[in-house]
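Read through the structure below, which is laid out as structure tokens, and then see the notes.
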Amino acid sequence: MFSWLPFSCALLLLQPLPARSLENAYTAEVGKNAYLPCSYTVPAPGTLVPICWGKGSCPLLQCASVVLRTDETNVTYRKSRRYQLKGNFYKGDMSLTIKNVTLADSGTYCCRIQFPGPMNDEKLELKLSITEPAKVIPAGTAHGDSTTASPRTLTTEGSGSETQTLVTLHDNNGTKISTWADEIKDSGETIRTAVHIGVGVSAGLALALILGVLILKWYSSKKKKLQDLSLITLANSPPGGLVNAGAGRIRSEENIYTIEENIYEMENSNEYYCYVSSQQPS
């Protein structure tokens with residue numbers, strides 16, 4: 001019974017100690033750069049730790065399908081120049097940048113930080129998905145099934161991340177779906193149409209106002225000229241009342257002369273009969 005105790009202890013020692021292992025998902029488009037973060041805290045200034053990057057899950061030791069490896073100071077192996085470490089190497093930033101990714105770069109990647117001591121490595125697993133760019137299908141040319149571009153996030157190198165969103169352009173019937181960009185375009189066209197209408201209405205009102213002012217000014221000037229002409233005509237014509245009065249006075253004097261002559265002739269009728277009239281025989 002006791003002979004099995006050393007053997008059981010040996011089996012326990014051979015089992016791998018638990019290491020920190022996380023899996024994160026990242027997405028990039030074909031032809032873009034993919035950024036897979038991995039870092040550690042440097043134990044002391046100038047004391048760096050070897051790391052390895054491999055494609056596939058982290059094995060018990062080292063990395064499977066190694067794409068990049070470092071020692072304490074330099075990169076000792078690189079599968080291709082597409083695999084680069086662009087972080088601060090001396091501050092423990094071992095993030096991997098894969099340039100110009102293809103669909104074959106999809107999969108799980110293992111970042112293994114090889115701290116001194118048995119079974120003391122720190123492992124980090126990251127899942128990379130590579131997608132193709134969305135294809136824009138013109139309206140009216142799609143028949144049958146359409147190409148759908150779901151929103152995707154592209155993480156680029158650096159301290160932050162850059163997000164690019166692609167939207168669905170057509171449904172299954174080939175009908176164009178209104179996107180945010182289309183709504184902005186339609187809104188811009190509506191605004192421009194409203195501005196044109198407003199400018200046209202304003203110009204029409206201004207023209208009507210100018211014509212009204214000109215017509216009113218012309219009418220006032222013509223009315224004033226007519227008034228001045230009437231005053232001049234009245235000033236040049238003789239007064240009709242005075243003319244009529246003079247004519248009436250002359251006729252009255254003639255009648256008086258006629259009456260006086262008739263009276264004179266009637267008083268001397270005993271001597272002879274004579275009738276004098278101032279009127280000429282017809």
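Every residue gets a Cβ built from N, Cα and C, even glycine.
Feature list (source: Swiss-Prot):
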- 22-194: topological domain 'Extracellular' (TOPO_DOM)
- CYS38-CYS111: disulfide bond (DISULFID)
- CYS52-CYS63: disulfide bond (DISULFID)
- CYS58-CYS110: disulfide bond (DISULFID)
- GLN62, ARG112, MET119: 1,2-diacyl-sn-glycero-3-phospho-L-serine binding site (BINDING)
- ASN74: N-linked glycosylation site (CARBOHYD)
- ASN100: N-linked glycosylation site (CARBOHYD)
- PHE115, GLY117, ASN120: Ca(2+) binding site (BINDING)
- 138-163: region 'Disordered' (REGION)
- 144-163: compositional bias 'Polar residues' (COMPBIAS)
- THR147: O-linked glycosylation site (CARBOHYD)
- ASN173: N-linked glycosylation site (CARBOHYD)
- 195-215: transmembrane segment (TRANSMEM)
- TYR257: phosphotyrosine (MOD_RES)
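Regional average pLDDT for the topological domain 'Extracellular' (22-194) in the model is 78. Across the residues the record lists as binding 1,2-diacyl-sn-glycero-3-phospho-L-serine (GLN62, ARG112, MET119), the two Cα atoms farthest apart are 12 Å from each other. Taking all protein chains in view, 14 other C-beta atoms sit within 10 angstroms of the C-beta of PHE115 (Ca(2+) binding site). For CYS110 (disulfide bond), the nearest of the binding-site residues by C-alpha distance turns out to be GLN62; the candidates were GLN62, GLY117, MET119, ASN120. The least crowded of the recorded positions CYS38, CYS52, CYS63, CYS110, MET119, judged by other CB atoms within 10 A of its own CB, is MET119. Distance from the CA of ARG112 (1,2-diacyl-sn-glycero-3-phospho-L-serine binding site) to the CA of CYS52 (disulfide bond) is 5 Å. Counting other C-beta atoms within 10 Å of each candidate's C-beta, the recorded positions GLN62, ASN74, ASN100, ASN120 are led by GLN62. The shortest Cα-Cα distance from MET119 (1,2-diacyl-sn-glycero-3-phospho-L-serine binding site) to any of the recorded positions (CYS58, ASN74, ASN100, CYS111) is found for CYS58.
Here the disulfide-bonded residues are CYS58, CYS111, and the one ringed by the most other CB atoms within 10 angstroms is CYS111. ARG112 (1,2-diacyl-sn-glycero-3-phospho-L-serine binding site) is 9 Å away from CYS38 (disulfide bond) when you measure Cα to Cα.
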